[in-house]
């Protein structure tokens, strides 16, 4: 736990500050509406539900302001570039942008539930006080004339015959609230991991309901349903002095005047206008970049239904481990999918590897497989920064790729090859451990040539110890294992053609980390993963377990790719 806090103290501080702001805003608004003289008469009708509704509304505004910032990818890439020379701890929160985005979304759901439930009570109490005939203060306030003076009414339900349902769907606040809540529910439910991975198109289209949510939020307060006594009215008829004599309001010259009320001015737009403007600028920039011409220079079909595209684009500049968004208008005008760049910054082209993993990717691969037909038009947005950009900031790097998750590390390994070719003496990294875990043998063919070239280059330069790579096959049968065993004494592996033999099964991570910690007792080790969540848990646990409590000794820093 101590090591984890040492590595993530800034992220924890940021998260605690965000939670603290939510608590502060809720308590501040709650006490304001619960104690303020301005809402004394409103509380006579609504009770404590008023304070709950308004406090949750303030927190909703705050979180709706924040939620778009983590998905402003150009902003994050700019900040990552600005902080490129900062301590890795200062850059760490940028790697958790999607996690923070989800946390803010969950917080919005919580405060939406509080807000909706509180207003259900409010509307019910508005209706009950309007129908009351007992001459109580609440009934008198509810029957203040709506027609005589525009600012005198307090109860938005103007007639005893008006139902709560009718008042909800005929008021600006009620209708926009229903629409915004429906949009929020659809966005959250379609964003669960199962739907996002198996029905990405459903997630993609439904998530754009955020436009409906933001519009409804901006105009939600225009109805002015929550009303408070005006300052002038409080001055001449303070509720502390006049609430007990409400039956004598305006009867005599010395009597208290009937209170006047005004609707609460809309405030949501003030919270969201700045992030909306920033997000619109972000989308305009991304649209402009996506319209620049992309030239496909090479198309390669790899085993296991993996498509490689090599492309060129004027002014395109990348770093290792970055990713781009790709759109194919002939398949869908609106769908953009993220893919990690597999090329190196030193190459004259940029490339991606696309595995068939859904309708869109299958259609794309099928389109490129068609012979004697022109290549489809591809639009590219990016590149955007990821945690893998920091790989050369570590003395020792551990790269773990699962299946197609090897792609960011292909870019890193290619860049290393070029750096050795050009005798780059600025390379800080002294040792790289690379683990590639695949289910089928065909997957290893994707980057066989790259690994073979690296083996030869390291041998020629006398740096065989620089790269330690291991390949693991998790999907195998007795025929494959028997064939490998019979040919084990050969110089190269029968499955890959590489000098490094393929291992069967999964890595024993405790053994691997123990060996690395023993080999580098005073090094800072960066562990990078592009793979499933279960593997991330195992690696994160090992990073914590094998990091020394002494900061002068070996320290493991876990980093996971997220799009």
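Each residue, glycine too, has its Cβ placed from N, Cα and C.
Features of the protein shown, as given by TrEMBL:
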DOMAIN    289-390  domain 'FAD-binding FR-type'
TRANSMEM  12-33  transmembrane segment
TRANSMEM  45-69  transmembrane segment
TRANSMEM  103-123  transmembrane segment
TRANSMEM  164-188  transmembrane segment
TRANSMEM  208-226  transmembrane segment
Confidence summary (mean pLDDT) of the domain 'FAD-binding FR-type' (289-390): 84
Contact check, the transmembrane segment (45-69) vs the transmembrane segment (208-226), 3+ Cβ pairs under 8 Å, seq sep 6+: yes
Summary of DSSP states over the domain 'FAD-binding FR-type' (289-390), given as helix, strand and coil counts: 17 helix, 39 strand, 46 coil
